[in-house]
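Q: Shown below is the structure under consideration.
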Amino acid sequence: MGVLRLTSSAILLVFSVFLIDFCLGDDNQPRSSRSDLTMVNSCSVTLYIEGRMGAQGQPLPGHSTTFTRVDPGQSVSFDIPATGAQSTRFWAKYGCDDNGRNCLIGDSMQYWPDGGCPLGGCQPPIDSLFEATWGCEPGSSCNTQNPTTWWDTSQVDGWTIPYQVHLYGETNKCDCSGTNCPALTLIDASRLDLASCPRSEDASNGGLYNSFDGLSMKNLDLRYRKNNMTLGCMSPCKRLTYSDPFGFGMSEASGPALMMCCPTPNPTNCLQSQGCVTAQECKAGPIENSNYVRAVHRMSPGVYAYSYDDGVGLHACPAGTVQYEMEFCPSGSTPFPDRSDATSVMQHTSLYLLLSVIFVSVYFL
C-alpha cells in the first residue's frame, strides 16, 4: 500500500483553505454561538453592562452581580435557562467607579441587592437597551403553550449609545408565522448621534402651553449633560415628567406632558379631560412632528420613538432558535460620549488666547 506524500506546496494549500474557512466561518453564526445574548463593547471607552431580570431587578442565572465591566473590544454573554426568563433588561453604563457604581450615566435602577442610588438620585432611564421576556424552549418543563421570546429596543424614553442588534439562527421565523418569510437579521441604530439631540424642543402644544408652572415650554434642551459632555438624549416626555434635577417632575396627565407622553389609562373611555389620549389623538398631536421623533426616525429607522409610533417596536421569535448580539458603538457610529461642545469651547478659548498674545505683542512693539 503506497504512502500519500504531500509536498510543502500542497500542505500550504490545505492549510490556507482551512484558515480561510476558519476565519470566514458560517455567516449565520454569532461571535458566541453558545449564548443567547452577547453584549459587545466596540466603543473606545470602558462600559459596565447591566443585566437585570424580574420585578426586583436581580442578576441573571450564572451572574453573581447585575453588572460586568467590559473594556473596549470585549464582550459579556448571557445564557438564558431553557425554561425562559421574565422581564429582562440589558444596557450599558459609563463613567463608573471600580465597583460599577456612581456612574455618569446608566444608574437608572437602584443598586442590587442593597438598594440606593448615586448622590443626587438615580438617573433617568433613557439608556439604549435591549429588553426581552424569553420563552420556554420546546421540551422544557414549563408552559410550552408560550414558546415565544418577545423582545424590543426603543427610544421612547431616550437614548445614550449608538448600537446595532444582530440576530443569528432561524431568523426567518421572527415576526412571521407563515412561509417564505424574510429573515430579521439586524436592528440598526448605529447613526444615533448625541450631537443631534434637540436643544430647542417645542413642547407648547401649538402655543397652548408657552409656559407651565413658570417654565418655558418653547425651547426644551433634551440633552443629558455632565462634566461638559453630552451623555444621553431625553425624550420630551421624559424631560417633562422625570424628577428634578433631570426633569420638571410633571404628571404625564398634566399640561404639555399629556400630548408628549400620550398616556392611555382607560382605553374604553379615553378622554383628554381625564388625562387619557387615544392612539389616533397621539398620532395627530405634536409628538409626531417633534424634533425628537424626527431625529430618531432619521437616525434609527423602524425603531419606536414614542408610545404610538408606527415603527416596529415589539418583536417575536421562537424560543431557543435565535441568538442576539447587541453591539455598542458599531463601525461608522459617532464617538461616545459626545465632547463636541467641550472641544468647541477649548478651540474658542485657544483662539482668544492667541489673539490676545498677538495684540499684546503688536502693542508693545
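In case you wondered, yes, glycine gets a Cβ from its N, Cα and C as well.
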Q: Could you tell me which of Cys43, Cys96 is bonded to Cys329 by a disulfide, according to TrEMBL?
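A: Within the candidate set Cys43, Cys96, TrEMBL assigns the bond with Cys329 to Cys43.
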Q: Consult TrEMBL and report which candidate among Cys174, Cys233, Cys237 shares a disulfide bond with Cys197.
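A: Record-based pairing for Cys197: Cys233.
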Q: Check for me: which candidate out of Cys261, Cys262, Cys270 does TrEMBL give as the disulfide partner of Cys282?
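A: As annotated by TrEMBL, the paired cysteine is Cys262.
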Q: If I take the Cα of Cys96 (disulfide bond) as reference, which of the disulfide-bonded residues Cys237, Cys261, Cys329 has the closest Cα?
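A: Spatially nearest to Cys96 (disulfide bond) by Cα position is Cys329.
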Q: When the number of other CB atoms within 10 A of each residue's CB is tallied over all shown chains, which of the disulfide-bonded residues Cys43, Cys96, Cys176, Cys233, Cys317 has the maximum?
A: Cys233
Q: For Cys261 (disulfide bond), which residues of its chain lie six or more apart in sequence with Cβ-Cβ distance below 8 Å?
A: Cys237, Leu240, Thr241, Glu252, Val277, Ser307
Q: Calculate the distance in Å between the alpha carbons (Cα) of Cys282 (disulfide bond) and Cys103 (disulfide bond), and round it to a whole number.
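A: Counting only the Cα atoms, the answer is 35 Å.
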Q: If you run the three-state DSSP split on Cys233 (disulfide bond), which class comes out?
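A: Note: Cys233 (disulfide bond) is in a strand by DSSP.
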Q: Show which residues of the chain containing Cys197 (disulfide bond), separated from it by at least 6 in sequence, have their CB under 8 Å from its CB.
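A: Expected: Leu222, Arg223, Thr230, Cys233, Ala295.
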Q: Looking at Cβ-Cβ distances, which residues of the chain lie under 8 angstroms from Cys103 (disulfide bond) while being 6 or more apart from it?
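A: Counting only residues 6 or more apart in sequence, the Cβ neighbours of Cys103 (disulfide bond) under 8 Å are Tyr48, Lys93, Tyr94, Gly95, Cys96, Asp97, Pro118, Gln123.
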